[in-house]
C-alpha cells in the first residue's frame, strides 16, 4: 500500500511529467512544421534547452531545501520534456539514411547538452 506522503510525491512527479510531455509534443510539432526533415531539430532544441534548464534549476533550487519543487521541475517536468529515447531512435533512423548527419546529430546532441547544462549552472552562479 502506498502511504499518503509517497502518493503526494508520486502525483507531483506525475503532473510535472505530463506538463513536460505536452510541452515536448507542442514544440516538436511547431518546429516540424517550419523545418525540413533532414535533421531532427525539434528533438535537438528540446534536449539542449532541457539540459540548460536542468543546469539552472539544479543550481538555484537546492535539492535538500526544496525536495517537492525539485521533484516537480527536474524529475517530472524536465524528465517528461527531454527526449533521450526519441534522440536514440532518431539517431538510429538517421544512420540508415545518412550516416554523416547521424554522427553529427549524435555527437552534437551530447556535446551541446553538456555545454548547455554547464552554461545553466554557470549562469545560476554554481561555478562561482
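Here the Cβ of each residue, glycine as well, is placed from N, Cα and C on the backbone.
Note: TrEMBL annotation is automatic and uncurated.
Since the structure is predicted, the reported quantities are computational estimates derived from the model, not experimental observations.
Here's what TrEMBL has on this protein:
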- 6-26: transmembrane segment (TRANSMEM)
- 38-63: transmembrane segment (TRANSMEM)
- 69-89: transmembrane segment (TRANSMEM)
- 79, 82: Na(+) binding site (BINDING)
- 101-127: transmembrane segment (TRANSMEM)
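Using a Cβ-Cβ cut-off under 8 Å and counting only residues 6 or more beyond its ends in the same chain, the transmembrane segment (101-127) has close neighbours at 38-40, 44, 47-49, 51-60, 87, 90-92, 94-95. For the recorded site, residue 82 (Na(+) binding site), the DSSP three-state label reads coil. Counting only residues at least six positions away in the same chain, the Cβ atoms of 20, 24, 46, 47, 50, 51, 54 sit under 8 Å from the Cβ of residue 82 (Na(+) binding site). Long-range C-beta contacts of residue 79 (Na(+) binding site), restricted to its own chain and to partners at least six residues apart, with a cutoff below 8 Å, comprise 13, 16, 17, 20.
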